[in-house]
């Protein structure tokens, strides 16, 4: 199942999220909006497994990369008792 992956303009081009992704969903593309002149991009969201390792690896205060799980994934997680 594909999940929605959003990259925000707060990305500093550090490549931490790209290296953390186990399924190579993310890649860096040229961008003039930061010192690194690159920003994360998510061209292969159909391969996203929703592990959110990219979010954990992001060093910015406001996570620059976010994975939004679909309703199906949320429902299948169940309730904790």
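Our numbering is plain: 1 for the first residue shown, then up by one each step along the chain.
Keep in mind that glycine also has a Cβ here, set from the backbone N, Cα and C atoms.
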Binding-site annotation, Swiss-Prot, [4Fe-4S] cluster 2: partner of 48, 51, 54 in 14, 21:
21
Would you pick out, from the binding-site residues 11, 51, the residue whose Cβ has the largest number of other Cβ atoms within 10 Å?
11
Could you check what DSSP calls residue 21 ([4Fe-4S] cluster 2 binding site) once collapsed to helix, strand or coil?
coil
So which one is it: of the binding-site residues 14, 17, 54, 58, which has the fewest other Cβ atoms within 10 Å?
14
